[in-house]
Amino acid sequence: MLKVADKTHDESRQGEAFAPFAVDPSSYHKRFYIESYGCAMNFSDSEIVASILQGEGFGATRNFEEADLILLNTCSIREKAEQTVRKRLTEFRKIKKSKPGMLVGVLGCMAERLKAKLLEEEKLVDIVVGPDAYRSLPGLIGEAETGQKTVNVLLSREETYADISPVRLESNGISAFVSIMRGCNNMCSFCVVPFTRGRERSRDAQSIVAEVQELFNQGFREVTLLGQNVDSYHWSPENEGHNGWGKAVTFANLLEMVAQVHPDMRVRFSTSHPKDITEEVLTTMARYENICKYIHLPVQSGSTRVLQLMNRTYTREWYMAKVDQIMRIMPDCALSSDIIAGFCTETEEEHKDTLDIMSYSKYDFSYMFIYSERPGTLAARRYKDDIPEEVKKRRLQEIVDLQGALSLASNERDLGKTFKVLIEGDSKRNQEEWKGRNSQNKVVVFPKEEYAYQPGDYVWVTIHDRTQGTLIGRISKG
Ligand code: 5AD
Ligand code: SF4
C-alpha cells in the first residue's frame, strides 16, 4: 500500500468537510461548517470542537454556503499543507463578501504558529484559536460577532479535553479515534509540532476507558488510541488509590485496560516513537488478540549520522534491533514507517542507507515525504536546507518505488492465508462486496455471497489475489 502522505498527516483526506448527522438539525439556531487538514489528531480535535459548538446551539452543516461560521482546522507540518489552507481561505473570502455576518475561524497548528499575524495576512479571518484553547471558542465567537478580531493561542500544560464527549463526525460507526495524550517533548529537529502543540500531557486513564466502553455500547468495534507520541503516555492519579488501581498508568497498562473493555473491540494506536516503545508494550500486544498486530514505527532515515542531525536519539543499528525484537515477540506483526527524503546534508550513500533499512524492516506501507524546512525548528536554525529540489524528488521517487515493491511482496506473502476481518462497509467499487481490515491494518475486499453479515461483524476471509494496496479474498467456509 502506497501513501505519499501519512496516516497521522494524511493529505489525501485534507479538506474533508465533517458534519454530524445524528442530531436533529432543527434544534440549532446557527450553523457551523468545519474542514480538517493534516493529522488524525486534528480530525479528532474537530470532534471536540463540534461538541463544544453544539453546547452553544450550533448545528453542523455540510454546505459551507449556509454556514454562519466556517472553521478550518489546519496543519503546519510541511509548507505545502499551509499553502493548501491559504488557498482555501481565498475561496472562502468570496463567500464572505456576499454574506457579511459570516465568521471565518482558523484552528490548529497554523493558528498556533502564525498567531495574530494570521489576522493581518488573511484579512477575512475573524477568529484564530490554537489547539489548547478550544474551550474559549464560544467566548471568542461572541466577541467576533460584535466585529472584533479574536485570538487565543495559549498553550496549556494540562488541557486534555478529557471531560468533553466528542461528536463523531462523518463516522462509519465502526472505527473511532480516541485521543489519549497531547503535545510532544521530543524535539526532532525537522518538526514544528512541539512548537504548535506544546508539551506532552496524558489524559485521565479512567476517562479513556469510559469513552471506549461507551463507543462499544454504541456499536463501534475499533478504536485508535491517538497521540503524537503514545508510548510516553503516563498518567498518575492525584490521590493514591483514587482510580482503583492505585498506581501510575503506563502506555502498556492503558493498552491492557482498553483491550479488556471487550474482546470484540479492536485496539490500535498511533504514533509510536521507536525509542519509547517498550518490551512491555510488545508483550501486552502479543497477549491480547484484540490489540491489532500493527505498529507505525517512523524511522525517518536509515543513516545514523542523519538520525543524529534529526535528533531522533537512536542509531540505525538500534532501530534494526527494535524491528528484530518486534518480530521475535509478534512474528505476524505489520510495520509501517514515515520517511523523509533529502534532509539537510544527506549524502547519496546515506540515502541508500534509508533504502536499505526499508528492505530490512520490510515495511508493509510507508508515508514518504520530501524534507520541507519549517521556520523556528532546530533544523531551520542550525542546518542549511542544501539538497537541491530535483535531488530530493529523485530520492523520494526511489523510496516510493521501493515501498511499492515491498508492499506488493508483503501482500504476496499473504496469498493463501486466512484472516479475521472486521467489516467496515461496502467496497468502493462494488456493492456486492464488503471492505474491511485485518489485524495488520491491510484492506481486505471480498464478495458478500449469501451471508447476512453487517458492518461491525467479524468474518474469516481466505486471500486468493492481491494488488499493491488491497488483499482480495473469499469468506472462509472451514
Ligand atoms: N518535512 C518533511 N516531513 C516532515 N515530517 C515532519 N516534519 C517534516 C518536515 N519538516 C514528517 C515526519 C513525521 C511525519 C508526521 O511528517 O516523517 O513522522
Ligand atoms: Fe514531531 Fe518528532 Fe514529536 Fe513526531 S516525535 S511529533 S516527528 S517532534
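Here the Cβ of each residue, glycine as well, is placed from N, Cα and C on the backbone.
In TrEMBL, annotation is done automatically, which means it is predicted and not curated.
According to TrEMBL, the feature domain 'MTTase N-terminal' maps to 30-146. Per TrEMBL, [4Fe-4S] cluster 1 binding site is recorded for Cys39, Cys75, Cys109. Among the features that TrEMBL reports, domain 'Radical SAM core' is placed at 170-409. Annotated [4Fe-4S] cluster 2 binding site per TrEMBL: Cys184, Cys188, Cys191, in sequence order. Feature annotation from TrEMBL assigns domain 'TRAM' to 412-477.
Features recorded in TrEMBL, as mapped to the structure shown.
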residue: Cys39; record: [4Fe-4S] cluster 1 binding site; CB count, 10 Å: 27
residue: Cys75; record: [4Fe-4S] cluster 1 binding site; CB count, 10 Å: 27
residue: Cys109; record: [4Fe-4S] cluster 1 binding site; CB count, 10 Å: 28
residue: Cys184; record: [4Fe-4S] cluster 2 binding site; CB count, 10 Å: 22
residue: Cys188; record: [4Fe-4S] cluster 2 binding site; CB count, 10 Å: 21
residue: Cys191; record: [4Fe-4S] cluster 2 binding site; CB count, 10 Å: 22
## Note on the structure
Among binding-site residues Cys39, Cys75, Cys109, Cys184, Cys188, Cys191, close to ligand 1 by Cβ (under 6 Å) are Cys191
### Task
Work out, from DSSP, the number of helix, strand and coil residues along the domain 'TRAM' (412-477).
2 helix, 34 strand, 30 coil
### Averaged pLDDT score, the domain 'MTTase N-terminal' (30-146)
94
### Message
On a C-alpha basis, identify the one among Cys184, Cys188, Cys191 that is nearest to Cys75 ([4Fe-4S] cluster 1 binding site); the candidates are the binding-site residues.
### Response
Cys191
### Task
Could you list, ordered by sequence, which of these binding-site residues: Cys39, Cys75, Cys109, Cys184, Cys191, have a Cβ under 6 Å from ligand 2?
Cys184, Cys191
### Task
Measure from the CA atom of Cys109 ([4Fe-4S] cluster 1 binding site) to the CA atom of Cys184 ([4Fe-4S] cluster 2 binding site) and give the result in Å, rounded to a whole number.
13
